[in-house]
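Enquirer: What follows is a single structure, and I will ask about it in a moment.
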Amino acid sequence: MAQTPQQPKPTTAQDHIDAMLHENRVIPPSDAFRARAKVSREDYERMYRQSLDDPDGFWSGVAGELHWMKDWDQVLDWQLPHAQWFVGGQTNVAYNALDRNVQRGYGDKRAIVWEGEDGEVRTYTYAELLREVCKAANALEGLGVVAGDRVTLYLPLIPEAAIAMLACARIGAAHSVVFGGFSVAALADRINNAQSKLLITADAGYRRGKPVTLKVNADEAAKLAPSLEKILVVKRTGTPVDWWTEGRDLWWHDVVDRQSDQHEAAALDSEQPLFLLYTSGSTGTPKGVVHTTGGYMVGTYLTTKTVFDLQDDDVYWCTADVGWVTGHSYSVYGPLLNAATVVMYEGAPNHPDWGRFWDIIQRHRVTILYTAPTAIRAFMQHGEEIPGRYDLSSLRLLGSVGEPINPEAWMWYWRVIGGERCPVVDTWWQTETGSIMLTTLPGAHPSKPGSAGVPMFGIEPTLMTHEGDELGPGDGGLLVIKRPWPSMLRTVYGDDERYRKSYWGEIGGVYFAGDGARRDSDGYYTIVGRVDDVLNVSGHRLGTMEIESALVSHPDVSEAAVVGRPDPVKGEAVVAFVLLQDGHSADPADLRRHVSREIGALARPDAIIIAEALPKTRSGKIMRRFLRQIAAGNEITGDTSTLEDPAVLDKLASTPAV
Ligand code: PRX
């Protein structure tokens, strides 16, 4: 019987706080889950205490479970704000993810079960994946890529994406994965910032049944990126590639397939950069967050093992694209370091219909699902009878990541997808943190819907005021981390000053996450959202300033201010207030196309308000607080007396969006 689709409630930060304050459900793990869990409550307490009291002993123990070509001399060298972990040690992440697991007897175990949007399925065992990565590493070396180089990847979610990442890791080149939904301009900026010599892309990838032509974008970006010497192209869809520059463009299958499948993994310094990943901040252009080898490996290994309670027979599926940090840490590195069987899916959750995820879970017998609240809310909107048609009984654990999950969505996920049987872990972390920072451990802690949970091992969070005063339970404040942790970012590529200022300078001496949070009397943290000008749209991080810069680069626009508006599915929607050049008229469709061209479709404004003036103080500062209220359709509250012309607010509030 068809159900009426449920409309999820809006999720503003305030709604979320209100819902949480009235949320007193506490859901303990079942006895059956607890009996088999890797980490019990007592284990957590003991390990957490040791991780803070004796960090050297704790982290040496974890790192010692992995292979090192040379042992470290010192666990941590901390010269605020610069940390080095496992100083003097040498290791290789790809070796630990592949060779080590083959040696431990996992050679015939499935490493990757990949499903294309078109239904194609490819499976790689650990032994096969090792051979493919060796071939790709030989190919990269043959192309002149050496340790320390940067390689940009602009790929669909296909096995070659993971293979290319691991091949870079194997030779010590840092990969910089650019999400396939980013535009030519965004890709070119990232190649230029990293000064990559090599770009790895594909002819196209499938999205909602249509090929998305990546090579065409790569060609355009190459014109703007003089550092590029070669483009290696994976044939994914067979879409004709009209542009082929002899001597520069190479087919992956021509270059990689003929290589030897033997390759000795390089012994790399612990602090050798493993990857750069660009992410948005509140100001300026996206930052190239730098992660290094040893600490990132140890952090993702430990968190994947404990948060997902990985057992040998699990089939683990993280739905994130490798273009985001979740795809790095929890689709590739963390699970492969733990010899897990990883499911990867190339396409959209609603292709050919909203049952696709459940169909994948049913066919591949997925046991652990890790996805984003925005997806859960979209599924909720389409009704529970869709997942109800599938056999989801293989699932035993669910995870959420990327944005605050409202208690309604949490309960729906737990009840409809998890059958009230599977614990839900809500994991808070960031591109910069490299691995999960706050969560519950599924066999150790009860869950509280909407609240991320407690600190992971070695993580010492607290809440502070802007002035650096610590706050007690019940108070809302700024989430900070008081000491370094192995998988933390090391710097912003090419801009250490920005690293110092953005993360360790905002409140002196502690890591400033940019999120507001609350802590209850059990020590559970509830994240209420960003406190800066960073938006979270469908779990994707966007800087308001980036979108503003894109808008003002349009010839019709003289000024723009962008804010977020609560959205029942996306979490936040993009609202742009735009002032036009004198004598120009507005073409909203063209403005949206322009933002797509400059950044990518993910940044396209949902609403555009053509304004005559913006609310500014006498000194010219735009008061975004008021714009947020107008965008949300809320009453204007707060002191408007500092505005140069308070009448602007009423005018804006009565201007319809286009
Ligand atoms: O605001 C927080 C939100 O996402 C931001 C980090 O975004 P990004 O670097 O793209 O990484 C996303 C995936 C790790 C954070 O500053 N965020 C992430 N996870 C959660 C969250 N907010 C609430 N609850 C979460 N579980």
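We count from 1, first residue shown onward.
For all residues, glycine too, the Cβ spot is worked out from N, Cα and C.
Automatic, uncurated: that is what TrEMBL annotation is.
These numbers come from a predicted model, not from an experiment.
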Enquirer: So TrEMBL lists G402, E403, P404, D426, T427, W428, W429, Q430, T431, D515, R541 for ATP; which of R396, R530 goes with them?
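Expert: Within the candidate list, TrEMBL flags R530.
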Enquirer: TrEMBL has R207, R208, G209, K210, T326, S538 down as binding CoA; which of N138, N192, N193, N350 does it also list for that site?
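Expert: Looking through N138, N192, N193, N350, the residue TrEMBL assigns to the CoA site is N350.
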Enquirer: Can you name the residues of this chain that are 6 or more positions from K621 (N6-acetyllysine) yet have a C-beta less than 8 Å from its C-beta?
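Expert: Set apart from K621 (N6-acetyllysine) by at least 6 residues yet with Cβ under 8 Å, there are none.
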Enquirer: By a simple count of other Cβ atoms within 10 Å, which of R208, R530, the binding-site residues in the record, is least packed?
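Expert: Least crowded of the binding-site residues R208, R530, by Cβ count within 10 Å, is R208.
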Enquirer: Quick one: pull the CA-CA distance for R530 (ATP binding site) versus N350 (CoA binding site), whole Å only.
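Expert: Between the alpha carbons of R530 (ATP binding site) and N350 (CoA binding site) there are 29 Å.
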Enquirer: Going by a 10 angstroms cut-off between Cβ atoms, which of the binding-site residues T326, N350, T427, T431 has the sparsest surroundings?
Expert: N350
Enquirer: Per 10 Å Cβ neighbour count, which of the binding-site residues R207, K210, H554 ranks highest?
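Expert: Its Cβ has the most other Cβ atoms within 10 Å: H554.
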Enquirer: Using DSSP, what's the helix, strand and coil tally for the domain 'Acetyl-coenzyme A synthetase N-terminal' (44-97)?
Expert: 24 helix, 15 strand, 15 coil
Enquirer: Starting from G402 (ATP binding site), work out which of the binding-site residues listed here (K210, T326, N350, S538, V557) have their Cα within 10 Å, and give them in sequence order.
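Expert: Candidates kept after distance check: T326, S538.
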Enquirer: Enter the number of other CB atoms within 10 angstroms of the CB of V552 (Mg(2+) binding site).
Expert: 14
Enquirer: According to DSSP, collapsed to three classes, what secondary structure does V552 (Mg(2+) binding site) have?
Expert: helix
